[in-house]
Amino acid sequence: MPPTVIAEPVASGAHASYSGGPGETDYHALNAMLNLYDADGKIQFDKDREAAHQYFLQHVNQNTVFFHNQDEKLDYLIRENYYEREVLDQYSRNFVKTLLDRAYAKKFRFPTFLGAFKYYTSYTLKTFDGKRYLERFEDRVVMVALTLAAGDTALAELLVDEIIDGRFQPATPTFLNSGKKQRGEPVSCFLLRVEDNMESIGRSINSALQLSKRGGGVALLLTNIREHGAPIKNIENQSSGVIPIMKLLEDAFSYANQLGARQGAGAVYLHAHHPDIYRFLDTKRENADEKIRIKTLSLGVVIPDITFELAKRNDDMYLFSPYDVERVYGVPFADISVTEKYYEMVDDARIRKTKIKAREFFQTLAELQFESGYPYIMFEDTVNRANPIDGKITHSNLCSEILQVSTPSLFNEDLSYAKVGKDISCNLGSLNIAKTMDSPDFAQTIEVAIRALTAVSDQTHIKSVPSIEQGNNDSHAIGLGQMNLHGYLARERIFYGSDEGIDFTNIYFYTVLYHALRASNRIAIERGTHFKGFERSKYASGEFFDKYTDQIWEPKTQKVRQLFADAGIRIPTQDDWRRLKESVQAHGIYNQNLQAVPPTGSISYINHSTSSIHPIVSKVEIRKEGKIGRVYYPAPYMTNDNLEYYEDAYEIGYEKIIDTYAAATQHVDQGLSLTLFFKDTATTRDVNKAQIYAWRKGIKTLYYIRLRQMALEGTEVEGCVSCML
C-alpha cells in the first residue's frame, strides 16, 4: 500500500506556532511585500519570513507524503526505487535513524521564502509523477552525508552538522543526486580537449553527449583545430575551421540534458592568436547570419601576456596556423607558450600567419561583451605562472573557475583509444564565509569539506569517457569554493572593497588554504598515496610554500585582527607553514587541486548567502522563477539599520571587486568566477580598462560582463546553472 498524503506535523518543516484559520495572505503576495516599503519607509523583512512560514502551511505540508515512522519511510523509499539501497546498506538501520534524529533536532528553518521554494522545486526527492514531496531538507542532508561518508559513521555525523548548520554546502549535482536511485552524477562540470583530427572531433562530440546526459556542463578546447581554409592532406583551402564543430556541439547539448532536470550546457574556448578568432567571436553577434550564429554555447577566449603588450604598443598581432605550429614544434598549438615563442613564430616562414590590430581585437571583445556578456577570458600566462602542477593549463570551464592541467588523447581509426589522455572533472562545494567564521572549530569545518569533496571524486566513475575517468583517478582534484563574503562583511559593518574588506579577504583565504592543504596531507598519510605526478609539482619541490615561509602574513587592520581573535581562529604562522611543508614533502597531498570559487547560484539561496565572493546585485534581488513568476530575495544579514553596507556591485565598481578577488586569488590554486558589473553609462573603453586592470592585478579569469540595463537583463543565460553551485 502506498502511503497517503497527509500533512506532516508542521513542526518538522515549518514553524510550530501556526494555529490555522481563514484569511491568511497567500505566500507569494507576502514575499512580494518585501519589495515594498512600509508606512515608515522601512523594508518589510518580516513579510518574507512569514511568506516562508505560509509556504509550508499552504503548500509543502499539504503535498508531503506522510509516513508513520522512519522505518516505514525508509522501507518504502528503498522498495519503490527512490533511494539507493547500496548507500543505506553501509550503515545499521539504527545509525541511520539516529542520524535523522540528529538532523531534525537542529530545528532547521529556511530564513527566506526563495530558499524554501528553491529547495522544494529543485532539490528534494519527489514522487515519480513530480507532484508530491518525499523528503524534508533534513532528509536530503542526511542522504548526502550518508553517501559521501561511505560507511564512516563519524564523518557522516560531522557532515550533517556542517551542512545543516549552513557552514558547508555541496554543489547542486551532489546535493540533488546523492542517495537517489534515479540520478545523474554528483559532479558539476567537465573539461575536454579536442585535437586536430576527425577521430578526436568525433569522440569529443560523443563525450559531450555522454557527460551532458549525466548532468554536467562541458567546456571544450578548440585552439588546436586547424583554421578555416587550412590544407587537408596538402590540398589548400579545405578546412572548415572551428564554427561547424561549434554547431555540432550546440546541437549535442540541446539534445542531451539530465533527465530533463537541467538544460545541457556547453562552452568552447579558443586562443586569441588562432586565425579563426574573429569568426569565433562573430557567432555571438546579434545580427550574425543564422548559418554561423551560436545561441546557446558559452564562449571563452584564452589571452596571453603578449597580446596586452602588443596592444599597449599599438602593434599588429599575428595569428598562427595551429596546423603549421604543430608540424613545426611537434606539439599541439595549445601546449605552446605564445608569449615565449611569439617572435620566433612570426619569423618562421613555415608557419602561416595573418595579422590584425591588437587594439582592434580588444575593442571587438568589449563590443561583444556589451552585446552578449561573452566571451569569458582566461589570462593564460597568469594562470600558468600560478599553477603548482607540472604541465600546461590550456582552458577553463563553463564558469571560468576550474584551472587544471590536461593532456591529449590519441585515437585509433575505429575511435578506440591508442593513448588515454587526461581530461578534467570538477567536484565542487562551497563554504558560507559568515557561518565558517562562526564555526566552533574552523579547522574541522575545512577538513570535513575537503573530505566531502574528496568523496565525490572517489565515488565518481564515468566509464563512458575514459579520459575523464583517468583524469579523476589520477588527480583526485576538487574545488572548495566560498560564498557570502558580502553578507559577512556587512554583518560586521565593513564596506565591500574597503581596506578592511580586502584585508579580511586576504587573511581568510590564507587561513583556509593552510587548513585545506593540511587536510589533503592528512588524507595522503591515511591512504599512503598522493595524486599522480605529485613528485613533479611545486608542492614536492617546496617552491609553493616559499611565499608563506619567507614572509609574515597577518592582518593589517585592527578590525580584522579582532574578528579572528573574537572567533577564536588562529592565523597560521611561518612555523606552522614550515611544519606543513615538511609533512607535505614527506607524504604528499591527496588532491592535485583544492580550491576553486564558483558563481554559486541556487545553493546560495538555499544556504542564505550572497553569491560567491562578489557584491550583491541589489538589496532585494528580483528573480523570475518558472510558473510562479517574480520572487524577491533579501540580502543575508540585512536589516533596516545596516543598509549602508549593502551597496550593490554596479555602485561599488570594478576596481574594488577586482582588488577583492586579487586578495583571494593569491591563495587559490585554481580560479575564481569574477563577473564585472557596469552602469549603463559605461563604454567599451571602460570594459577594456577593467580587463587591463584585472590582468595587471593578477586575476586569472573573467566571467560575465553585466550591464545595469533593462535590455540586457538575462545575459547571465541559463547555461551556467550546471556549473553553478
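Quick reminder: no glycine exception, Cβ is built from N, Cα and C everywhere.
Note on N397 (active site, proton acceptor): other Cβ atoms within 10 Å of its Cβ, all shown chains, come to 35. The feature active site, proton acceptor is assigned by Swiss-Prot to N397 (among others).
Cβ neighbour count for C399 (active site, cysteine radical intermediate): 37 (other Cβ atoms within 10 Å of its Cβ, all protein chains included). Taken from Swiss-Prot, the feature active site, cysteine radical intermediate covers C399.
With a 10 A radius on its CB, E401 (active site, proton acceptor) counts 29 other CB atoms from all the protein chains. The annotation active site, proton acceptor is assigned in Swiss-Prot to E401 (among others) on the grounds of similarity to another entry.
If you look up Swiss-Prot, you'll see T172, S188, C189, G217, N397, L398, C399, S400, E401, P599, T600, G601, S602, I603 marked as substrate binding site.
Here Swiss-Prot flags C189-C426 as disulfide bond.
Around the Cβ of C189 (substrate binding site), the number of neighbouring Cβ atoms within 10 Å comes to 31. DSSP classifies C189 (substrate binding site) as strand under the three-state reduction. Sequence annotations record features per position, and here Swiss-Prot assigns site 'Important for hydrogen atom transfer' to C189 (among others) based on similarity to another entry.
If you look up Swiss-Prot, you'll see D196 (among others) marked as site 'Allosteric effector binding'. Taking all protein chains in view, 19 other C-beta atoms sit within 10 angstroms of the C-beta of D196 (site 'Allosteric effector binding').
Secondary structure at R226 (site 'Allosteric effector binding'), as computed by DSSP, is coil. Annotated site 'Allosteric effector binding' per Swiss-Prot: R226 (among others), in sequence order, evidence recorded as similarity to another entry.
In the three-state DSSP scheme, C426 (disulfide bond) falls into the strand class. The site 'Important for hydrogen atom transfer' feature in Swiss-Prot is assigned to C426 (among others); the stated evidence is similarity to another entry.
Residue environment of Y703 (site 'Important for electron transfer') contains 28 other Cβ atoms, counted within 10 Å of its Cβ in all protein chains. Taken from Swiss-Prot, the feature site 'Important for electron transfer' covers Y703 (among others), and the record attributes it to similarity to another entry.
Other C-beta atoms found within 10 angstroms of the C-beta of Y704 (site 'Important for electron transfer') number 23, with every protein chain shown included. Taken from Swiss-Prot, the feature site 'Important for electron transfer' covers Y704 (among others), and the record attributes it to similarity to another entry.
Sequence annotations record features per position, and here Swiss-Prot assigns site 'Interacts with thioredoxin/glutaredoxin' to C720 (among others).
For C723 (among others), the entry in Swiss-Prot reads site 'Interacts with thioredoxin/glutaredoxin', with the evidence type similarity to another entry.
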D196 (site 'Allosteric effector binding') and T172 (substrate binding site), distance between Cα atoms, whole Å: 34
Spatial neighbour of C189 (substrate binding site) that is closest, considering only the recorded positions D196, E401, C426, Y704 and their CA atoms: C426
Using Cα positions only, nearest of the recorded positions to Y703 (site 'Important for electron transfer') (D196, N397, S602): N397
Winner by Cβ contact number (other Cβ atoms within 10 Å) across the binding-site residues T172, T600, S602: T600
Rounded to the nearest Å - Cα separation of C399 (active site, cysteine radical intermediate) and R226 (site 'Allosteric effector binding'): 26
Inter-residue C-alpha distance, R226 (site 'Allosteric effector binding') and D196 (site 'Allosteric effector binding') (nearest angstrom): 6
